[in-house]
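Have a look at the structure below before the remarks.
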Amino acid sequence: MAVKTYEAGVKDYRQTYWAPEYVPLDSDILACFKITPQPGVDREEAAAAVAAESSTGTWTTVWTDLLTDMDYYKGRAYRIEDVPGDDTCFYAFVAYPIDLFEEGSVVNVFTSLVGNVFGFKAVRALRLEDVRFPLAYVKTCNGPPHGIQVERDKMNKYGRPMLGCTIKPKLGLSAKNYGRAVYECLRGGLDFTKDDENVNSQPFIAWRDRFLFVADAIHTAEAETGERKGHYLNVTAPSPEEMYERAEFAKELNMPIIMHDFLTGGFCANTGLARWCRKNGVLLHIHRAMHAVVDRNPHHGIHFRVLAKALRLSGGDHLHTGTVVGKLEGDRAATQGWVDLLRESFVPEDAGRGIFFDQDWGSMPGVFAVASGGIHVWHMPALLAIFGDDAIFQFGGGTLGHPWGNAAGAAANRVALEACVEARNEGRDLEREGKDILTNAAKDSPELKIALETWKEIKFEFDTVDKLDVVNR
């Protein structure tokens with residue numbers, strides 16, 4: 001064993017943290033960063049600096065390095081790759097020993113990987129593109145409270161995606177009128193309705209009143225339709241204590257599902273709530289409010305695929321993923337990539353979808369992908385083709401904006417979905433034949449016919465800001 005000696009002073013990061021010969025261990029946590037270095041900082045030094053500042057390093061040599069095994073604990077930048085079509089930045093791959101992170105703590109992982117290093121002066125911009133969580137770490141995490149199959153069993157819904165609706169206007173309704181809208185949507189044929197992400201406990205809709213009126217709506221709709229129904233009651237609150245109080249009250253009302261804003265609420269609160277949901281048999285819907293602040297800039301922040309992985313580890317049965325076809329940002333290949341990362345047991349590296357590493361989830365349950373944001377009945381064929389069955393198509397204006405009212409909007413959604421599922425099962429090409437499928441179904445559904453006429457001109461044809469830049473690696 002080499003004798004450790006201490007030499008005070010500052011040395012290049014590459015001397016300690018650049019290790020191109022390193023072969024990552026199966027137990028390492030691997031990260032891919034997109035780095036835009038400051039002028040005059042070369043790639044190897046910038047990559048090594050990121051590895052250092054996100055693991056054991058600081059700006060100068062310290063004598064306490066001698067008190068531990070730095071060679072074991074340090075992060076290592078082990079590979080650099082070009083970003084296709086952009087010579088101002090590059091990809092740096094960093095390996096971290098698993099012992100750097102607390103077991104089952106997404107909070108601790110993010111504190112290191114996206115902590116102070118993102119303010120480091122040596123880099124002009126920094127983005128965490130992907131993380132490989134080793135199976136050894138996955139097994140320490142709580143994961144989804146129930147998962148896809150258990151939810152299907154609880155809700156008695158099989159062979160198709162589920163349908164939801166976010167109640168609008170998102171703010172301003174009284175609890176009584178809110179409950180009325182919930183009832184009409186569920187009675188019309190939807191499986192779920194939803195609180196908008198910013199519905200918490202405002203003066204006009206105190207949370208307890210909302211819960212009571214919603215519970216009455218759900219129980220009435222279930223009795224009249226013979227179907228299991230649910231509403232995502234948002235329990236996000238100013239403090240964990242209040243969050244759990246709201247969750248407990250939802251359970252007392254026999255509500256099947258609650259909701260949390262996982263980014264604004266925080267990973268600590270989310271992990272705790274997911275554990276509570278598993279213990280108490282309550283499903284957990286997750287909204288991603290604030291995500292675009294973090295993930296939309298293609299050069300700085302955290303890619304959504306990383307946030308999706310983190311949510312699966314922290315815990316949630318549903319997660320909003322974008323729609324590809326609606327009003328929100330979402331590249332098709334990238335979206336299908338992170339949808340697979342939410343649902344599948346193993347997802348291989350796939351440059352064409354922006355997936356930088358193999359990801360093995362072991363037996364961790366999957367998460368329903370929620371397609372929400374500017375969708376209507378004309379989108380149904382594409383939604384089913386893109387997302388498949390293990391998804392929730394979450395309408396808002398596409399239900400509540402129907403000329404004949406909420407129940408008619410829900411009926412139109414249900415008829416459109418069932419027509420597309422039947423056509424898919426017959427082997428028809430949904431995206432090529434979608435118009436014919438819907439117009440034929442509308443012959444027996446006046447609600448769908450009016451919906452198709454109402455939204456026939458509505459499109460959201462804006463270019464994607466965060467495009468895949470990984471083509472061939």
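Here the Cβ of each residue, glycine as well, is placed from N, Cα and C on the backbone.
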Quick one: which of Arg79, Arg288, Arg296 does Swiss-Prot put in the substrate site with Asn116, Thr166, Lys170, His320, Ser372? Arg288
Alpha-carbon distance [Thr166 (substrate binding site); Lys194 (Mg(2+) binding site)] in Å: 5
According to DSSP, collapsed to three classes, what secondary structure does Lys194 (Mg(2+) binding site) have? strand
DSSP three-state call for Asn116 (substrate binding site): helix, strand or coil? helix
Site of maximum Cβ density within 10 Å, from recorded positions Lys168, Lys194, Arg288, His320: Lys194
What is the biggest Cα to Cα gap, in Å, among Asn116, Thr166, Lys170, Arg288, His320, Ser372, the residues listed as binding substrate? 37
How big is the gap, in Å, between the Cα of His287 (active site, proton acceptor) and that of His320 (substrate binding site), rounded to a whole number? 6
Measuring Cα to Cα, tell me the gap between Lys170 (substrate binding site) and Asp196 (Mg(2+) binding site) in whole angstrom. 6
Cα-to-Cα gap, Ser372 (substrate binding site) vs Asp196 (Mg(2+) binding site), nearest whole Å: 11
